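Quick look at what TrEMBL lists:
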- 20-42: transmembrane segment (TRANSMEM)
- 62-84: transmembrane segment (TRANSMEM)
- 91-115: transmembrane segment (TRANSMEM)
- CYS153-CYS186: disulfide bond (DISULFID)
- CYS154-CYS170: disulfide bond (DISULFID)
- 233-254: transmembrane segment (TRANSMEM)
Amino acid sequence: MHYYRYSNAEVSCWYKYLLFSYNIIFWLAGVAFLAVGLWAWSEKGVLSDLTKVTGLHGLDPVVLVLVVGIVMFTLGFAGCVGALRENICLLKFFCGTIVFIFLLELAVAVLAVLFQDWVRDRVKEFFENNIKSYRDDIDLQNLIDSLQKINHCCGAQGPDDWDFNIYFNCSSESKSREKCGVPFSCCIPDPAQKVVNTQCGYDVRKKSKSQWDDQIFIKGCILALEAWLPRNIYIVAGVFIAISLLQIFGIFLARTLISDIEAVKAACSYRPWPC
């Protein structure tokens, strides 16, 4: 193993450059997320009018991409520079942030298990708020459509949740052509059709509920996700464990390098000449 040699302490090059390699992946991933997010915003015209961000009442998926990108870019930069320059402040910032994120993930997982009813209510509220903004943002629209198509579901608790959206609402005041309908992603796909029928959900909720089964999915997406989780518990647990191990490995590398640097500085402080 290679070391920087000092009188009584030494900094391991293995840990130093392993931590640098670990963080360069973080940094590059952060750059990629930021590039994708900024490109998506430029395509939607958000960069030329930032008020569109606050005008959306639902979730803009691009915001989530940008937040993840900023966190990964910042952590990767702090870890890379901290490792190369042996900067204790940057290394402690990197290590402390990773510890905080790890504890936050652990707390969310535990609370989700202990307070399932509360979590279900928050998810329902979140889904309903995004249904209201379905037509306001193309990325949000694509996200909801993908969720409904993949899980064969419609709405938070059922198709009637689309009454929360002004375009699909069944009220007499609505003049929309989509009135009393559902998005095409709620429709049961026809294998014979090669072209997606985006109007398949029009007027479907004007019919009696007994006729819905043949045309649209009637299960709510919350119930579909609750059914999906037990079937894929090992995949979910495996992903969680893999992410946790990567975080613990990064914390170990950072703490080891910090200890080496502090030991070198402590040894140098007792010498009458510079190290």
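Note that Cβ sites are derived from N, Cα and C of the backbone, with glycine treated the same way.
TrEMBL feature annotations superimposed on the structure.
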residue: CYS153; record: disulfide bond; contacts (Cβ under 8 Å, 6+ apart): LEU147, CYS186, PHE217, LYS219, GLY220, CYS221, LEU223, ALA224
residue: CYS154; record: disulfide bond; contacts (Cβ under 8 Å, 6+ apart): GLN148, ASP161, TRP162, VAL182, SER185, CYS186, ILE216, PHE217, ILE218, LYS219, GLY220, CYS221
residue: CYS170; record: disulfide bond; contacts (Cβ under 8 Å, 6+ apart): ASP163, LYS179, CYS180, ARG205, LYS206
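Residues 62-63, 65-66, 68-80, 83-84, 94, 139, 249-250, 253 of the same chain, all 6+ positions outside the transmembrane segment (20-42), place their C-beta atoms under 8 angstroms from a C-beta of that stretch. With a cut-off of 8 Å between Cβ atoms, the residues of this chain six or more beyond the transmembrane segment (62-84) that come close are 16-17, 19-20, 22-34, 36-38, 40-41, 44, 46, 53, 90-91, 93-94, 97-98, 139, 250, 254, 257. Remote same-chain residues near the transmembrane segment (233-254) are listed as 15, 18-19, 22-23, 79, 82, 91-92, 94-95, 98-99, 101-102, 105, 109 (criterion: CB distance under 8 Å, separation of at least six residues from the stretch ends).
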